[in-house]
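Scroll down for the structure; my scribbles are underneath it.
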Amino acid sequence: MGSVEKMDPELNGDDFRESPLGVRKMHTFEHIGSMAAATQSHGPIRARSRLLMSIYIVIFKAKINILLPFGPLALLLHYLTQNHGWVFFFSLVGITPIAERLGYATEQLAFYTGPTVGGLLNATFGNATEMIISIYALRNGMIRVVQQSLLGSILSNMLLVLGCAFFCGGIMHSEKDQVFNKATAVVNSGLLLMAVMGLTFPAVLHFTHSEIHYGKSEVSLSRFSSCIMLVAYASYLFFQLKTRHHTYSPIDEEETQNDNVPDQEDVPEITLWESIAWLAVLTAWVSVLSGYLVDAIQGASEALSMPVAFISVILLPIVGNAAEHASAIMFAMKDKLDISLGVAIGSSTQISMFLIPFCVVIGWIMGERMDLNFQLFETATLFITVLVVAFMLQEGTANYFKGLMLILCYLIVAASFFVHIDPAINDD
């Protein structure tokens with residue numbers, strides 16, 4: 001120690017570089033300088049490579065994105081041919097991968113926001129495609145298309161998506177009955193029954209001609225009921241994410257049961273700001289395609305010789321829920337049935353208790369007479385569907401036979417709407 005202190009003042013520049021201490025310091029300075037120079041020179045390169053990696057992950061990695069070119073083709077067909085049938089078909093197919101990528105970007109953003117805000121994001125963007133299509137249709141005064149497409153999304157999720165999940169999961173695990181969290185299913189069934197009640201009373205009020213002010217009372221009742229349903233759904237989110245987070249969090253339970261199994265999806269693939277940017281870009285593209293899709297519905301109905309009710313209730317939801325179909329089936333085959341229920345029944349709850357009342361409020365702001373009177377045929381269909389699904393879920397078990405029954409029920413519903421004439425059109 002003493003020799004070092006004595007050596008330092010006597011060393012000149014050359015002696016300092018030749019000493020062991022000087023050599024170490026010079027190497028350190030050269031290393032830091034080279035790192036700074038590399039950072040300055042490679043900063044734009046790293047940003048460019050990160051951008052390309054993000055584009056690859058979001059656009060090219062998913063196999064469903066092979067359908068992305070259908071969107072631009074729909075725009076070209078709209079301006080070149082004016083063939084509403086083809087414009088409708090290409091727009092419908094082009095929206096499918098965008099809807100799936102919207103869900104992916106929301107999941108990535110939820111990694112950075114925590115479970116509470118992530119749950120709210122899923123509630124908002126989980127059905128963003130249906131919301132955007134509904135707002136465009138409302139702006140064009142197509143209230144029946146809004147009502148029927150939202151009803152079709154509920155029916156598709158509860159019967160077709162859940163039925164396919166039960167059936168495929170039951171085939172893969174035919175030696176046993178699959179088990180899911182019955183408490184979560186009961187709560188969602190209760191909310192769905194509340195939604196049925198909210199839709200039933202305006203329809204009954206209209207068809208029994210017992211309104212105080214004909215044509216106005218059902219709209220006022222619908223707006224009041226919509227506000228109540230929104231409050232109920234907000235309370236449900238608070239109850240699920242805060243008060244009873246551990247009791248009503250089936251995904252967390254699945255993860256704790258499989259702690260020894262590494263899960264690659266637990267790590268975010270894109271950054272926070274990339275997730276936000278992709279959400280904005282994908283939402284804008286869905287908005288563009290939705291405009292062309294809504295404009296082509298009436299022409300597609302005439303070109304394809306299909307009722308508008310069948311297109312709105314069956315075709316729109318099947319394509320819009322294609323990504324949910326795939327994820328629900330995949331989780332059911334992995335024996336993670338709670339997640340499949342969250343996808344199917346949870347999405348139905350979002351639409352019935354949040355999206356439908358939200359559209360009524362938006363129509364109120366726009367000056368449109370959007371109400372909860374979905375007509376008797378549609379309301380009866382929803383009521384019977386909720387009852388059937390509630391009975392299927394009451395035991396807390398699933399097998400392929402239950403799934404097959406739900407799929408067959410959906411086929412009956414689809415055939416019914418194929419031969420159904422919308423009375424609202426005749427009334428107008």
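The backbone N, Cα and C atoms fix where each Cβ goes, glycine too.
Nobody curates TrEMBL annotations by hand; they come from automatic prediction.
As recorded in TrEMBL, the features of this protein are as follows:
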type: TRANSMEM; residues: 55-80; note: transmembrane segment
type: TRANSMEM; residues: 86-104; note: transmembrane segment
type: DOMAIN; residues: 86-241; note: domain 'Sodium/calcium exchanger membrane region'
type: TRANSMEM; residues: 116-138; note: transmembrane segment
type: TRANSMEM; residues: 150-173; note: transmembrane segment
type: TRANSMEM; residues: 185-208; note: transmembrane segment
type: TRANSMEM; residues: 220-239; note: transmembrane segment
type: DOMAIN; residues: 275-417; note: domain 'Sodium/calcium exchanger membrane region'
type: TRANSMEM; residues: 276-294; note: transmembrane segment
type: TRANSMEM; residues: 300-320; note: transmembrane segment
type: TRANSMEM; residues: 341-366; note: transmembrane segment
type: TRANSMEM; residues: 372-393; note: transmembrane segment
type: TRANSMEM; residues: 400-421; note: transmembrane segment
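Stretch with the most C-beta contacts under 8 angstroms to the transmembrane segment (341-366), considering only 86-104, 220-239, 276-294, 372-393: 220-239. Long-range contacts of the transmembrane segment (300-320) within the same chain, counting only residues at least 6 positions beyond its ends with a Cβ under 8 Å from a Cβ of the stretch, are 83-85, 87-89, 92-93, 95-96, 99, 129-130, 133, 144-145, 148-149, 151-153, 155-157, 160, 378, 414, 417-418, 420-422, 425. Counting Cβ pairs closer than 8 Å and at least 6 residues apart in sequence, the transmembrane segment (86-104) and the transmembrane segment (372-393) reach fewer than three and form no contact.
If you look at the transmembrane segment (220-239) against the transmembrane segment (276-294), you find fewer than three C-beta pairs under 8 angstroms, all six or more positions apart, and that falls short of contact. Touching of the transmembrane segment (185-208) and the transmembrane segment (372-393) is concluded from the presence of at least three CB pairs under 8 A, sequence neighbours closer than 6 excluded. If one looks beyond the transmembrane segment (150-173) by at least 6 residues along the same chain, the residues whose Cβ comes under 8 Å of a Cβ in the stretch are 127, 130, 134, 192, 312-314, 316-318, 320-321, 324-325, 328-329, 331-333, 335, 337, 340-341, 343-345, 347-348, 351-352, 355-356, 359, 374, 378, 381-382, 385-386, 388-389, 392, 398-407, 409-410, 413.
When Cβ-Cβ distances below 8 Å are used as the criterion, the transmembrane segment (276-294) is approached by residues 54, 58, 71, 74-75, 78, 87-88, 91-92, 94-95, 98-99, 101-102, 105-106, 109, 125, 128-129, 132-133, 136-137, 140, 142, 145, 270 of the same chain, each at least six residues removed from its ends. When DSSP labels each residue, the domain 'Sodium/calcium exchanger membrane region' (275-417) comes out as 120 helix, 2 strand, 21 coil, counted as helix, strand and coil in that order.
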